[in-house]
Amino acid sequence: MPRKFFFTKAKKHKYWLKVCDRDWNDYNWQLNNRVTDPKELQEILGLSDKATKEISDSLKILRMAITPYYLSQIDSNEVNDPIRMQAIPTLAETDIKKTDCKDPLHEEADCPVPGLEGILTHRYPDRLIIYVTYQCAMYCRHCTRRRHAGETDIPTPMSKIKKAIEYIRKRETIRDVLISGGDPLTLSDDHLEVILKELRVIDHLEIIRIGTRVPVTMPMRITDNLCNILKKYHPLWINTHFNHPREMTDLSAEACQKLADAGIPLGNQSVLLRGVNNHPLIYKKLVKLLVVNRVRPYYIYQCDLSQGLEHFRTKVSEGIEIIENLRGHTSGFAVPTFVIDGIGGGGKVPVMPNYVLSQSNHKIALRNYEGLIFNYTEPTNYTHTLPLDIKKYSDPVDYKNTIGVAKLLTESGEVNLVPQNLARLKRRKK
Ligand SMILES: *Cc1c(COP(=O)(O)O)cnc(C)c1O
């Protein structure tokens, strides 16, 4: 049995003290007993009437549902407890700024099939997302997909999922499918397996990925039966969503290790949240806990401009400072990529400290994490030599099918990428 590393032992709030271990460790019990009513929350946490009314008044866009497990991990009665902030709504969510958007990443607009808006997002050439449910175990207060999350507790109709799968089947360029939601692991084992099975028979589909927060919010969902199902559909990857070291309880650590033991590579996508995790020391601890439990930190997201999230958003510089404190200071595979997801469907853009200081003909000046500045000498009398077997690849010379900035680097003849409605070009005489 591998060693488990965790920050705290999972707690059980005294409100549920009479619940037997069998129920407590049964994810269906956790799902069925989620706290959704502010009045019940008042009773559990001993809130004032005023605080309770504020919570009710906060639920305009995204409903509340908290698993008894996750709620029990709240440590203090402080409103700024990091677990509490992610689970319990505040009036700040009703403060919608002019620059906020319902769908900042244009996930609906980037749907190629009429009728599948909100079910399928195809943004990148070789991969896409399908949303198989809008239910989550817990509705994160910083949810970027808050326009849909929690809309219903019923899975996406199978007829629509089949249409999305049909779209994938018809396109050989799709090699990677992200199953997302909502939280796909709120589906039953059988339902999930039907979807996995349908996807796995598509020859050109290489990777299946699942995005889920249940290892954090309902770790008992990671059962032996689930792992036995998942491992039949390899290569299957899972990305989860830990934001704070305190979320890595013994039960969450066990959930991660079970998935890893099923041969599933695990990644973590966290969101930079003001007052929750926006400090290098928090991230240093978080990434260490992740890697010892075999979860590779994958992304740190700058918080999106979804409606009512301004109070959670940070300066971009805080993300850069976190990366500055990780790269070189700790194992390379413990360093995630800090990204800003482009408004209007721009996709993820990596942002990081500057490490390249200057460049000349064949020298490049670099700096490391210690501030040491050094050069790297590139080869002189250089002629580019192609790898011997390059002809075996489809487009060896100018890789004709590439797009975007990469295309400008080929011999395709493409010399520029021109923004639409460029005033300078419009001024030109016809
Ligand atoms: C994030 C995302 C993906 C996956 O991106 P990776 O960088 O490959 O993890 C795919 N499609 C959409 C719409 C996304 O937002």
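The backbone N, Cα and C atoms fix where each Cβ goes, and this holds for glycine too.
TrEMBL does not curate its annotations; it predicts them automatically.
Here is what TrEMBL says about this protein:
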| type | residues | note |
| --- | --- | --- |
| DOMAIN | 122-334 | domain 'Radical SAM core' |
| BINDING | CYS136, CYS140, CYS143 | [4Fe-4S] cluster binding site |
| MOD_RES | LYS348 | N6-(pyridoxal phosphate)lysine |
Cβ within 8 Å of the mean position of the Cβ atoms of CYS136, CYS140, CYS143: remaining residues of the chain near [4Fe-4S] cluster:
LEU62, MET138, TYR139, ARG141, HIS142, ARG145, ARG146, ALA149, GLY150, ASP183, ARG213
By CA-CA distance, flag whichever of CYS136, CYS140, CYS143 among the binding-site residues is nearest to the residue listed as 'N6-(pyridoxal phosphate)lysine'.
CYS143
Going through the binding-site residues CYS136, CYS140, CYS143 in sequence order, which have a CB under 6 Å from an atom of ligand 1?
none
